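Enquirer: Supplied in structure tokens, the structure appears directly below.
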Amino acid sequence: MAKLYYRYGTMQSNKSNQIITTHHQYTTQGKQCLAYSTPIDTRSGHKRIKSRIGLELVCEYITENIYEEVKAIHEKDRVHAVVVDEAQFLSRADVHRLSDIADVLDIPVICFGLKTDFRNHLFEGSRVLLELSDAIDELKTICQFCNKKATLNMRLLNGVPTNIGETIQIGDEEYVPVCRKCYKERLELV
Ligand SMILES: [Zn+2]
């Protein structure tokens, strides 16, 4: 039975690089791997997954027809895996459809995303993936301000830490990975 995987991390935890590498591992063995992202984040340009170290992968966006779409491709030419970037932006229904790809079509689905937003609240997609995934892995990186493992994302507006604003606000601000201690100290929550 194929599994639904969730690989989560903070900002800068190498998610895009890992998804591109995973896709590459399948395709170099002649195995078809379908790459998807969520349409909410178009920073990478149209339908592309880009990593910070310069790798790039063409992808499609997840729609409500994802199950039928993968099924149709799979019936013509076997699909060995499905990889999904920016999985924190999936809806509950999206995750259910992805789980059907694993359970009914027997194709592994590997999702990558952020666990929490800059206020430390679970994203909807992450919540459902943490509830339903067969395998959950943490991708690790280091705190921007010290040498501990980063577990949280801090929003910087013009370089100043903040924990207010819209959950999804992409573009004019910066996010950095931080440990809980530094998060509290920088936001004067201690
Ligand atoms: Zn720290």
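Just so you know, glycine gets a Cβ as well, placed from its N, Cα and C.
Just so you know, TrEMBL annotations never went through curation; they're auto-generated.
Pulled these features from TrEMBL for this protein:
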type     : residues                     : note
BINDING  : D85, E86, A87, Q88           : ATP binding site
ACT_SITE : E86                          : active site, proton acceptor
BINDING  : C143, C146, C179, C182       : Zn(2+) binding site
BINDING  : I168, Q169, I170, G171, Y175 : substrate binding site
Enquirer: For Y175 (substrate binding site) and C143 (Zn(2+) binding site), what Cα-Cα distance in Å is obtained after rounding to a whole number?
Expert: 12
Enquirer: Which residues in the same chain, at least 6 apart in sequence, have a Cβ under 8 Å from the Cβ of A87 (ATP binding site)?
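Expert: Non-local contacts for A87 (ATP binding site): Y6, T38, C111, F112, G113, G125, S126, L129.
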Enquirer: Cβ under 6 Å from ligand 1: which of the binding-site residues D85, E86, A87, C146, Y175, C182 qualify?
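Expert: With ligand 1 as the reference and 6 Å as the Cβ limit, the list reads C146, C182.
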Enquirer: Take the C-alpha atoms of D85 (ATP binding site) and C146 (Zn(2+) binding site) and report the distance between them in angstrom, rounded.
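Expert: A Cα-Cα distance of 28 Å.
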Enquirer: For C182 (Zn(2+) binding site), what residues in its own chain, 6 or more apart in sequence, show a Cβ-Cβ distance under 8 Å?
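Expert: Residues satisfying the criterion: C143, Q144, F145, C146, K148, M154.
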Enquirer: So which one is it: of the binding-site residues C146, C179, which has the fewest other Cβ atoms within 10 Å?
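Expert: Minimum Cβ neighbour count within 10 Å, taken over the binding-site residues C146, C179, occurs at C146.
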Enquirer: When DSSP is mapped onto helix/strand/coil, what comes out for E86 (ATP binding site)?
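Expert: Reduced to three states, the DSSP call for E86 (ATP binding site) is coil.
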Enquirer: Can you tell me how far the Cα of E86 (ATP binding site) sits from the Cα of C179 (Zn(2+) binding site), in Å?
Expert: 21
Enquirer: Beyond the listed site residues C143, C146, C179, C182, identify every same-chain residue whose Cβ lies within 8 Å of the center of their Cβ atoms for the Zn(2+) site.
Expert: I142, Q144, F145, N147, K148, A150, V178, R180, K181, Y183
